[in-house]
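According to TrEMBL, the feature domain 'SRCR' maps to 1-93, 110-154. Here TrEMBL flags 18-82, 31-92, 62-72 as disulfide bond.
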């Protein structure tokens with residue numbers, strides 16, 4: 001329930017993602033988009049089996065702060081040079097805890113967790129190698145606006 005081949009729905013059909021440029025930052029976004037927490041890990045070379053049908057995305061390059069893959073730098077939909085042996089996968093393992101600072105996450109990176117949609121939830125901040133919550137003492141709309149801007153909302 002927290003890992004598998006990544007498939008996306010676009011223009012009325014499901015398809016896979018090519019693993020070119022696929023890394024843990026992309027996995028972080030997929031896990032967030034699915035509402036899963038844990039240690040995001042990108043897997044390549046059809047680790048979870050080859051898909052069928054179209055390969056819809058290639059050259060996905062997320063920063064890790066996006067709320068969905070659609071916000072990441074990527075090729076145009078359907079533009080790819082891959083075979084299904086390169087289908088991308090993700091594990092959002094909730095049982096693995098990072099015990100060291102991730103080189104992919106900058107101190108102060110924020111995310112939303114536990115919401116009903118990717119645009120709401122508890123504010124969490126990455127610090128000293130782990131995610132923590134933000135206390136609501138003194139929390140105002142101004143703080144919420146800063147977080148929303150940091151996450152790419154306007």
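Placed from the backbone N, Cα and C atoms, the Cβ positions cover glycine too.
Not measured: the values here are computed from a predicted model.
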C-alpha spacing of residue 31 (disulfide bond) relative to residue 62 (disulfide bond), in angstrom: 12
Inter-residue Cα distance where the pair is residue 31 (disulfide bond) and residue 82 (disulfide bond), in Å: 23
Local Cβ density at residue 18 (disulfide bond) - other Cβ atoms counted within 10 Å: 24
Closest of 31, 72, 92 to residue 18 (disulfide bond), Cα positions, disulfide-bonded residues only: 72
Residue 62 (disulfide bond): tally of other CB atoms within 10 A of its CB: 23
C-beta crowding around residue 72 (disulfide bond), within 10 angstroms: 20
Mean of pLDDT values spanning the domain 'SRCR' (110-154): 81
Residue pair residue 92 (disulfide bond), residue 72 (disulfide bond) - Cα distance, angstrom, rounded: 19
